[in-house]
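**Student:** If you look up Swiss-Prot, you'll see 234, 263 marked as active site, on the strength of a curator's inference. Residues or ranges marked as active site, proton donor by Swiss-Prot on the basis of a curator's inference: 295. The 4-methyl-2-oxopentanoate binding site annotation in Swiss-Prot covers 100, 295 and rests on experimental evidence. The feature NAD(+) binding site is assigned by Swiss-Prot to 155, 156, 175, 205, 211, 232, 234, 258, with experimental evidence given as support.
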């Protein structure tokens, strides 16, 4: 069978080549993203594999339908950048990789948390300014003395809970669809109580429409003074302007943001112009109690291997069996 892959990163290429060798399938890969123009390269292929944070527009699915291509598999989890209505209209079926490496993202959230609890941004800022003495004045907090509120107890949230619990933290959690059975490492609470009780709030919820700005001014008002918020989940979860206001007022002690609210716009400008101007990003970047990263929490060798191999196997399942266990019919985490 013939498969075409889009958004290929340098680190993925070795796995694309190895997969093609292992399976004997024809695999053509491109670094460009899948859009209304590049989709034309897929004519004559059996299925499409892709990875991107930029939108999958309706025109992509229209042309897939015209070419007789019925299946798209993505190498990530989230589908909030996919026009699901158009996808269904043109009869395209979709699969994602719901759990390529939960540990990668959970460990990253823990890393940001420890960095902020020990005021390392402030320490580094003073060292870079040449003030060694002042750099030693920022007293930290121990994770084992904190209450950590984990929002979302799916694959990633469960690993995060174990990590935080391993440091001795008290862990509480919120999920509209709670796990059944015993869960000795944490207690479920309401979302309001999670905001009120947590010293650290760690987000692992999907980017579906009803979760847009789930962390907003009202949520910040409920939080403890000196709370820390970590988002390695999806870009739309936090009202960034409200977050900035609470950082400036001192209500928030710090934030760790790997999935920035306006990352899609910035990436589109970066691709088009070679750079982007985002005053809000620049302001956050200059704050020592803010840890920003470019959507890399998932980015480990294990995760990249699994993203490639799992997603391509899902495409093979679609093409040979007409189904796959990870088919997505609605918004996915």
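In case you wondered, yes, glycine gets a Cβ from its N, Cα and C as well.
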**Student:** How many Å separate the Cα atoms of residue 211 (NAD(+) binding site) and residue 234 (active site)?
**Tutor:** 10
**Student:** Express the distance between the Cα positions of residue 232 (NAD(+) binding site) and residue 295 (active site, proton donor) as a whole number of Å.
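**Tutor:** It is 8 Å, counting Cα to Cα.
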**Student:** Just name the winner among 211, 232 (the binding-site residues) by count of other CB atoms within 10 A of its CB.
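**Tutor:** Of the binding-site residues 211, 232, the highest Cβ count within 10 Å belongs to 232.
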**Student:** Taking the Cα of residue 263 (active site) as the centre, which of the binding-site residues listed as 100, 156, 175, 205 lie within 10 Å of it?
**Tutor:** none
**Student:** Whole-number Å only: compute the distance from the Cα of residue 156 (NAD(+) binding site) to the Cα of residue 100 (4-methyl-2-oxopentanoate binding site).
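**Tutor:** Taking the Cα atoms only, residue 156 (NAD(+) binding site) lies 10 Å from residue 100 (4-methyl-2-oxopentanoate binding site).
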**Student:** When the Cα of residue 258 (NAD(+) binding site) is compared with the Cα of each of the recorded positions 100, 234, 295, which one is closest?
**Tutor:** 295
**Student:** Determine, to the nearest whole angstrom, how far the Cα atom of residue 295 (active site, proton donor) is from the Cα atom of residue 234 (active site).
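**Tutor:** Here the two Cα atoms lie 9 Å apart.
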**Student:** If you measure from the Cα of residue 234 (active site), which of the binding-site residues 100, 155, 175, 205 is the nearest?
**Tutor:** 205
**Student:** Could you find out if DSSP has residue 258 (NAD(+) binding site) as helix, strand or coil?
**Tutor:** coil
**Student:** According to DSSP, does residue 175 (NAD(+) binding site) sit in a helix, a strand, or coil?
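**Tutor:** Residue 175 (NAD(+) binding site) sits in coil per DSSP, no helix or strand.
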**Student:** What's the longest C-alpha separation between any two of 155, 156, 175, 205, 211, 232, 234, 258, the listed NAD(+)-binding residues, in angstrom?
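**Tutor:** Value for the max Cα separation, rounded to a whole number: 21 Å.
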**Student:** What are the non-local neighbours of residue 175 (NAD(+) binding site), defined as same-chain residues 6+ apart in sequence with CB under 8 A from its CB?
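**Tutor:** Looking at Cβ-Cβ distances below 8 Å from residue 175 (NAD(+) binding site), excluding near sequence neighbours, one finds 151, 152, 153, 154, 157, 188, 205.
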**Student:** Residue 100 (4-methyl-2-oxopentanoate binding site) to residue 155 (NAD(+) binding site): how many Å between their Cα atoms?
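**Tutor:** Rounded to the nearest whole number, the Cα-Cα distance is 10 Å.
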**Student:** Of 234, 295, which of the active-site residues has the most Cβ neighbours inside 10 Å?
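**Tutor:** Of the active-site residues 234, 295, the highest Cβ count within 10 Å belongs to 234.
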**Student:** To see if you understand the setup: which same-chain residues, six or more apart in sequence, place their Cβ under 8 Å from that of residue 155 (NAD(+) binding site)?
**Tutor:** 98, 99, 102
